[in-house]
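Only one structure is covered here, and it is reproduced in the block below.
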Amino acid sequence: MLVKKLIDQGYLSKEEYILLLEQYTQEDKEQLRKRALELKEKYYGKKVYTRGLIEFTNYCKNNCFYCGIQGKNKNVERYRLSMDEILECCQIGWNLGFRTFVLQGGEDPYFTDERIVEIVKAIKGTYENCAITLSIGEKSYEAYKKFREAGADRYLLRHESANEDHYKKLHPEEMTLQNRKECLYQLKELGFETGAGFMVGSPYQTNECLADDLIFLKELQPHMVGIGPFIPHHDTIFAQQEKGSLDKTLLLISVLRIILPKINLPATTALGTLDAKGREKGIQAGANVVMPNLSPTSVRKKYELYDNKICTGDEAAECRGCLQRRIESIGCEMVSERGDSAVLRE
Ligand code: SF4
């Protein structure tokens, strides 16, 4: 009954989400998956968008408890890509057909607002028709404004948990859910295609936390949502914690496609790390985006947010080729487009 209600109405109450997450059967999951696929095809057809991911710095001033590259971790070999190295990644990516570049990094004070603006302008100056996504954490409104004016199109900032108590169990005191949420609303206001998201199965997460995530996302109305299973990193306090569940991650991908039908929804690398066919399963559950890595292979292993991350040894072209074969194997088509969110087509 809850499944039908979710499909008909496009949302549930908090109590209903909790019940659904506690009691869902494989049949429920399959029904939700079918509906999610219908909706994905309505807005995106068989297309799968690709984003070229450039992990340009693994320095970070923060210490999120789950993160392998948190500032305190002395075992990480730190690196920063130079402007030339970043532009070289873009050149390789452009030639491989990527029309979106995602610049992702820790919150690295070396990359001041001015340096980020310079990078965005340099990329836009060379590849006018590309889209640039920034994924560099919490900044001031003024900084976001400068990035937007320089030409950045999109911003990814996972909210991580919309449940106050849970957020505190994953982050040190100086990081607050309130600020995270404010950043997301500011990004939307500034006209960024805005992405939020969370991990499935992170330590202390309950179904109530997940229900709060779903309600918050419906309220935020983002253009993108990235979710992936929690995978522990050996140098964190969560090293011994269980991984998130593949089954539940796939269920939540379908639920997200139903409650926010037009969003861009990636089949994440973490999903591919948890299961050899995780990304294909993610696409078959309602996802429509993949993010192969364009970072130089020499630094890939150093950007280890969690253990055993896949694709750390492959050249960009190999990653793209591998993903293309995977996507075609499930009857979809990897396209060379900017891949704007269907939310913008309203
Ligand atoms: S999750 Fe992001 S902000 Fe938090 S420590 Fe890791 S890189 Fe830094």
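From the backbone N, Cα and C atoms, a Cβ is placed for every residue, glycine too.
A quick note: this is a predicted structure, and the numbers were derived from the prediction, not measured.
Quick look at what TrEMBL annotates:
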- 46-262: domain 'Radical SAM core' (DOMAIN)
- CYS60, CYS64, CYS67: [4Fe-4S] cluster binding site (BINDING)
- SER135: (3R)-3-methyl-D-ornithine binding site (BINDING)
- GLU160, ARG180: S-adenosyl-L-methionine binding site (BINDING)
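Overlay of TrEMBL annotations on the structure.
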residue: CYS60; record: [4Fe-4S] cluster binding site; contacts (Cβ under 8 Å, 6+ apart): CYS67, ILE69, GLN70, GLY71, GLY105, GLY106, GLU107, ASP108
residue: CYS64; record: [4Fe-4S] cluster binding site; contacts (Cβ under 8 Å, 6+ apart): GLN70, GLU160, LEU170, HIS171, PRO172, MET175
residue: SER135; record: (3R)-3-methyl-D-ornithine binding site; contacts (Cβ under 8 Å, 6+ apart): VAL102, LEU103, GLN104, GLY105, TYR155, LEU156, LEU157
residue: ARG180; record: S-adenosyl-L-methionine binding site; contacts (Cβ under 8 Å, 6+ apart): GLU138, LEU157, HIS159, GLU160, TYR167
Can you see whether DSSP assigns CYS60 ([4Fe-4S] cluster binding site) to helix, strand or coil?
coil
Please go through the binding-site residues CYS60, CYS67, ARG180 one by one and keep those whose C-beta falls under 6 A from any atom of ligand 1; give the result in sequence order.
CYS60, CYS67
Please work out the mean pLDDT for the residues of the domain 'Radical SAM core' (46-262).
98
For [4Fe-4S] cluster, what surrounds CYS60, CYS64, CYS67 with a Cβ no more than 8 Å from their Cβ centroid?
ASN62, ASN63, TYR66, GLY68, ILE69, GLN70, GLY71, GLY106, LEU305
For CYS67 ([4Fe-4S] cluster binding site), name the DSSP secondary structure in the helix/strand/coil scheme.
coil
Per DSSP, to which secondary structure element type does the residue listed as '(3R)-3-methyl-D-ornithine binding site' belong, with helix, strand and coil as the options?
strand
